[in-house]
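Here is the structure we will look at, set down as structure tokens.
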Amino acid sequence: IGTNSLDERCNQILRNMEASLTARDRVGIQDFVLLDAYTSESAFLDNLRKRFHENLIYTYIGTLLVSVNPYKELDIYSKKQMDTYMGVNFFELPPHIYALADNVFRTMQSEFNNHFILISGESGAGKTEASKKILQFYAVSCPSTKLLNNVRDRLLLSNPVLEAFGNAKTLKNDNSSRFGKYMDIQFDHQGGAVGGHILSYLLEKSRVVHQNHGERNFHIFYQLVEGGEEDLLRWLGLERNCQHYSYLVQGGCAKVSSINDKSDWRMVQKALSVIEFNESDIEHLFGIIASVLHLGNIKFVADVRGYASLNNNQEMHWVSKLLGIPAQVLQQGLTHRKIEAKAEEVFSPFSVDHAVYARDALAKAIYGRTFNWLVNKINESLANKDSSRKTVIGLLDIYGFEVFNVNSFEQFCINYCNEKLQQLFIQLTLKSEQEEYEMEGIEWEPVPYFNNKIICDLVEEKHRGIISLLDEECLRPGEATDLTLLEKMEETIGGHPHFVTHKLADQKTRKTLERGDFRLLHYAGEVTYCVVGFLDKNNDLLYRNGKEVMRQSKNAIIKHCFPSTEPDSKRRPETVVTQFKSSLVGLTEILMSKEPWYVRCIKPNEAKQPGRFDDVLVRHQVKYLGLMEHLRVRRAGFAYRRKYDIFLQRYKPLCPDTWPNWKGTAAEGVRCLIKHLGYKPDEYKMGRSKIFIRHPRTLFATEDAFQVCKHKLATRIQAKYKGYRVKGDYQKQRDAATKIENCWRGIMARKEREKRAWAVKVIKKFIKGFITRNQPACNDNSEYLAYVRQNYLTRLRENLPKTVLEKDSWLTPPPIMKEVGDMFLTPAVYSRKSLVLKAQTSSMFKGKKENYPFSVCRPFVDTRIGKRYSVPVVKYDRNGFRPRLRQLIFTQEAAYLVEEAKIKQRIDYISLKGVSVSNLSDNFLILHVTCDDIKQKGDLVLQCDYLFEALTKLSVIANKQNYIKVVQGSVRFDIQPGREGFVDFKSGQESMVYRAKNGHLMVVSVKIIKGSC
């Protein structure tokens, strides 16, 4: 492949990906290692600013994560986000703290070694939040059992407790950690969190007794006063007003809008219960916190001899009660100093200033030792009882480099710590880079970098370092002051290039220094320290009799913090800075034994405003966090390195030989791929398991080409997939149509077969019926005879004679219908009068009464009994409804109910009010008569088998056609004037007549289905 063709292809790729490059210009590059101008601080800041304004707060420098505090809630920490980053390659998704946490976890599991994550940055940059996010990620991503969940909950809830007792509002941060914290999380071989351990460093105890303007004491004091229950405050002798306590009002901001002390108090109480603090521990713990507040309110006045005496016995009473120390012993400890002279002990009274110093020293000692007890108690709760080997991930959340307007002893210690960590950081970064190059068989090129060992030596060198000089000045006899310390430093290290004072400075520099200042040139820049207070803070002395007073306490925590077994040596204890130096040595040893990962936190502005990016402030932090130094180390050789299989998997579509499947090894595939892409020899190196790419532009060209190719591939894959789907749908539809056709043909064939079988059966029956037509009706000829009848009746309907009396005009019926034919041919059967009655019956009952159709074929007769029209009936008594056989006779004037020629009741047609029958198939009728006299009989309830005939006759004789009513349900009738009865009608399985429980006559008739007649 020619060079020209390769260049043309690269240029074409760049032209095609113009839109992608524009997007990259807008949102920045997600890994600083890929910056072309990697040595330019401006380019670094520009990339950081672009991403910040797009709410992309995370950026990589290799595996180091840079985090910019957005000062607002972002929707990037949900459970869904955690699931997205679990088990994914580190560089596969956009930078995120979850990606770092997951990569550390998976590396620990695969390599079975220990790791730590160093989270650093200045106050307010988001270190504590970053630490919380990592813990929350492990809480969700690790395996879950009841035991592991308990450990997880304690790990998570240790944070609010330590924040309450170790964090405070400062000028730069409303939740600033005032101590360094290193937490080990222990994992078993399956990746479950089974335990933990916490180390704390340099708690800012001076904050207990003094706060600068705009700052607060530790959170727990305000939480107790604002959120504590009334009973608890009463027991502690506290009032719900922070203004009443001297230790809480010095900063002038006891209440802060961004802090909800009441809510935080509830969270601390919940956390203490989960971490398994018992009621006694909690009671003693808050007793100590309250005693510190009371201690701060103790005032001293000078007596006539100038010695200190107490001015407030009430506060002394509460301190005595809460700590369980006799008031007199406590009073003497605060106003006298114990001096041993040979074999004698003498108590020397304090001046007011010394008494205040002793009181504050005691308050700091009580709080400091209680904080250590609290950390140890949490460690007991997190301790893993299983002795089998565990892997560990450490979280180091430690104060960042601090530069204030006035920098004191605390800033000196914090910045010394950062110098040590920077030294470790550079050593570990260079070491890991060099090891990777050697492991991959690539020649290591020495990297120029600033080695801050010269500054570390300036601070910690034996006999000549600032720490040694500070300790010597604290321990030497005579009147040592902060200024004598400064003079000693000028004599001993005055010629050091990174140290300057007012006396040693040139004319120009001297204007920026006070006489009590000294300036150190740290790796992050110059810091001016005020020497005032260095000796006092370094000594942090608690008078010996102060310890003895505390040993008499009945408070279990105080007894533990001031044990009687503590050696009471006459030698002065180690100074604060020496203790801190020793703890840093121990921390360095811990970190050197683990694999490092880094999170660098940056705050974008001092006002804590979202969307505001202060270039000067951010540039300063980038410098002292050593980010440019780290980037230079990472970019000294090759900007980009990836394992062969990952690189090939991503970019194999760019080469026809490697797409879609490469048959050989991953290294051979990558070699084939980069040959096709036209990489120049000086642009890359092939390691044992990774490809190293020197320039970001080479990677960008490859990535842009991949984006173009990806869209083309996506189009082809979509087309193939759509074709596959359509083809699949067509085959499914075709198969379904075939199945439906088969089923339909089967159904139709079965119907045709059934039809033919039925036709054969019918024809056979018809023939058999024809053969046996003249025989008596039987199964063989019943259907044939029915057909003959139907056929005759059909013909008869079409050929009816004009008059009934035309005997010769009737069609001759077949033999089986001889009786019907005779009926038609006999005029007496259906006389004109009979037909008129039938027509009247039809008008009264057709469509109204169920059994009417059965009466049509039954001819009416003139009488059933005797000469006049009479009909047999069953009469039901009005009381009790007993049935009795009677005859009903109709005359021209009245109807008579007769029993064996004896008239039982006469009903004049004039007095007949109406007749009621039901709409069902029963034969009951109720005659309603006028009943004015109590002696007269009431209505009649009758049952008649010839109901339609009798009622038709009655309607004609009495001329009462409209008096006959067909009703549904119930019929009311009069037993006699003032008394009434009821007849209820309903359908059932069989006909019945009985008296119901409600006293009504119940008539049940069989329901007639339409068409059955």
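Each residue, glycine too, has its Cβ placed from N, Cα and C.
According to TrEMBL, the feature ATP binding site maps to G121, E122, S123, G124, A125, G126, K127, T128. Residues near G124 (ATP binding site) in space but far in sequence (CB under 8 A, at least 6 apart, same chain), listed by position: N69, K172, N173, S176, K603, K608.
Look at TrEMBL and you will find 28-707 tagged as domain 'Myosin motor'.
Here TrEMBL flags 830-1007 as domain 'TH1'. Across all of the domain 'TH1' (830-1007), the predicted model scores a mean pLDDT of 86.
Sequence annotations record features per position, and here TrEMBL assigns region 'Actin-binding' to 584-606. Sequence-distant contacts of the region 'Actin-binding' (584-606), counting only residues of its own chain at least 6 positions beyond either end whose CB sits under 8 Å from a CB of the stretch, comprise 48, 52, 63-71, 97, 100, 103-104, 107, 113-122, 124-127, 130, 172, 182, 199, 201, 392, 394, 396, 400, 416-417, 420, 424-425, 428-429, 432, 612-614, 617-618, 621-622, 625, 627, 630.
Within the same chain, residues at least six positions away from G121 (ATP binding site) with a Cβ under 8 Å of its Cβ are S67, K127, G400, R600, C601, I602, K603, Q621, L625.
With a cut-off of 8 Å between CB atoms and residues at least 6 apart in sequence, the same chain places T170, K172, N173, S176, S177, Y399, G400, E402 near S123 (ATP binding site), listed in sequence order.
Counted with DSSP, the region 'Actin-binding' (584-606) comes out as 9 helix, 8 strand, 6 coil. In sequence order, N159, E163, N167, N175, S177, D397 make up the list of same-chain residues 6 or more apart from T128 (ATP binding site) whose Cβ falls under 8 Å from its Cβ.
With a cut-off of 8 Å between CB atoms and residues at least 6 apart in sequence, the same chain places S67, N69, G400, C601, I602, K603, Q621 near A125 (ATP binding site), listed in sequence order.
What surrounds the ATP site, by Cβ distance within 8 Å of the Cβ centroid and not counting G121, E122, S123, G124, A125, G126, K127, T128, is the set N69, N173, S176, G400, C601, K603 from the same chain.
For E122 (ATP binding site), other Cβ atoms within 10 Å of its Cβ number 24. Around G126 (ATP binding site), taking its Cβ as the centre, 23 other Cβ atoms fall within 10 Å, counting all chains.
Cβ-based neighbour count (10 Å, all protein chains) for K127 (ATP binding site) stands at 27.
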